[in-house]
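Enquirer: After the structure tokens below, expect a handful of questions from me.
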Amino acid sequence: GFFQSYAVEVDLKDASNATCLYADWMMRFLITYESNNGDYKTTTLNLSSSVTHNGSVCGNDTQAALVAVQFGEGHSWSINITKNNETYQGDFITLTYNTNDTAVFPDAKRKGPVTVLVKDSSRPVQLNTVYVCHNSFFIEAENTTQIFWNVTMQAFVQNGTVSKKESRCPADTPTSAPTVPPTVANVTTASTTTLSPAPTTAPKPVENPDTGNYSLKSGNKTCFLATVGLQLNVSQDKPLLININPKTTIADGACGNTTATLKLNDGNSTLIGF
């Protein structure tokens, strides 16, 4: 399901009050935690409407830039960005979630802040270029899945002005559109001659999805088995059918005494949790 999350905008200024780092993005987190009765549960941590960015730093040739945000009941997220000759690149991402937040972790066995550190795998971006990623992408580490979308970010901004030159993420790379046979509806003509409707071919139905075998282990024992074919029907401007390909889908999750969580990531911005 989709949950409410708020956008974050950070516009850092240098000593002359010129923009030195700009970031605008949306994110949410899926976190698996152990409950008081030994079960493992997956919860969703969203950004609140009130976000601060204390500790953020512009950075320079010798110091990394830092985007740091704080939200909710003791949660925080940050990314440090390094500059190397003519490029800049995210280095490490740090997520700290607080299981004392009973609204998100109502029965967590472990209490207090938990910190997850993960290497940012994004490719370098040329200086004076803004990084843009509209589509969602995921980072998984230590029982957490970080989900990002609608990202616009530029570090080491020159002359106080965010660049209009964009570097797009792989998730935004367009695919070749299928060739559409000409019909009356999509042919433009200057003639006043009445055209007879051209025969059209009915759209090819989406085939049934391949069946995948997914499993989880607890120690050296299998604790979860699923044999299933999955197809998503997404209602947007028009229905969109997506088959989950078991050959490229990674199964992850955890098993508890009475609850098991299975996460399927198809490597193409689709994450399904059972």
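Placement of Cβ uses the backbone N, Cα and C atoms for every residue, glycine included.
Feature list, courtesy of TrEMBL:
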- 170-203: compositional bias 'Low complexity' (COMPBIAS)
- Cys133-Cys169: disulfide bond (DISULFID)
- 209-271: domain 'Lysosome-associated membrane glycoprotein 2-like luminal' (DOMAIN)
- 164-213: region 'Disordered' (REGION)
Enquirer: Please work out the number of neighbouring Cβ atoms within 10 Å of the Cβ of Cys133 (disulfide bond), leaving out its own Cβ.
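Expert: For Cys133 (disulfide bond), the count of other Cβ atoms within 10 Å is 21.
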Enquirer: Could you list the residues of the same chain, at least six apart in sequence, whose Cβ is under 8 A from the Cβ of Cys169 (disulfide bond)?
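Expert: Once residues fewer than 6 apart are set aside, Cys169 (disulfide bond) is near Ser122, Tyr131, Val132, Cys133, Asn135, Phe137, Val151.
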